[in-house]
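According to Swiss-Prot:
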type	residues	note
BINDING	Val33, Ser34, Ala35, Lys78, Arg86, Asn200	CoA binding site
BINDING	His37, His39, Glu98	Zn(2+) 1 binding site
BINDING	Arg92	phosphate binding site
BINDING	His146, His148, His193	Zn(2+) 2 binding site
Amino acid sequence: MEDNQIELITRMVLNVLQEKQSGKTGFAVPVGVSARHLHLTQDHVEQLFGKGYELTKKKDLMGGQFAANETVTIVGLKLRAIENVRILGPVRKASQVEVSATDAIKLGVKIPIRESGNIKGSAPIAVVGPKGAIYLDEGCIIAKRHIHMSPTDASTAGVKDGDIVSVKVDDERETVFHQVQIRVDSSFTLEMHIDTDEANAAKITCGQIVTIL
């Protein structure tokens with residue numbers, strides 16, 4: 001056997017061993033980039049838009065959610081504001097505002113990184129609509145990056161709900177995201193969700209494919 005053939009085979013074997021040691025699954029996932037948005041209770045919708053008001057649908061999203069036509073302005077403690085923040089429906093039991101770290105700097109608010117729905121002790125924020133305003137003592141977070149999966153996808157990838165994985169972006173910036181949470185539900189479509197800061201840092205666009213390590 002020629003020396004170059006031996007070298008090639010050796011390299012291939014080493015690559016396989018390295019992948020096994022790192023626990024690489026090779027499972028491919030498309031990326032969705034989430035811009036700042038918020039979820040509201042029906043009571044808060046009415047305080048912002050008027051009594052009896054209901055959100056109107058702009059675009060369907062996964063899991064029965066939708067992007068609403070309605071937008072609001074969010075205001076930090078130093079009266080720094082960000083306008084045209086889109087509401088996602090349907091209404092929830094608790095209102096929640098999700099922003100990026102860059103948004104947090106602009107708002108002048110120290111905002112924790114949290115899983116969606118985990119708002120206890122999170123940052124305060126004011127929300128202003130065309131008919132009124134509300135003040136949330138807590139509810140503003142930077143959403144923890146995560147992957148939505150169906151049970152079938154999770155089984156194929158060898159992961160379960162709540163698992164934490166690392167994900168590699170194979171582009172010119174060769175980025176690896178750690179601390180990516182797996183979220184499994186039968187209503188979910190396979191997609192990794194990151195915010196605009198994370199997407200810009202890794203030069204990722206919506207629909208780009210990444211790989212679970």
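Cβ coordinates are placed from backbone N, Cα and C, and glycine is handled just like the others.
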Tell me which of the binding-site residues His39, Arg92, His193 ends up closest to Arg86 (CoA binding site) in space, Cα to Cα. His39
Binding-site residues Ala35, His146, His193 vs Glu98 (Zn(2+) 1 binding site), shortest C-alpha separation belongs to Ala35
Candidate binding-site residues His39, Arg92, His148, pick with smallest Cα gap to Val33 (CoA binding site): His148
Looking at the binding-site residues Arg92, His146, His148, His193, Asn200, whose Cα is closest in space to that of His39 (Zn(2+) 1 binding site)? Arg92
Check the binding-site residues Ser34, Asn200 for other C-beta atoms within 10 angstroms of each C-beta and report the one with the most. Ser34
Can you tell me the CA-to-CA distance separating Asn200 (CoA binding site) and His148 (Zn(2+) 2 binding site), as a whole number of Å? 21
Nearest to His148 (Zn(2+) 2 binding site) by C-alpha distance, among the binding-site residues Ser34, Ala35, Lys78, is Ser34
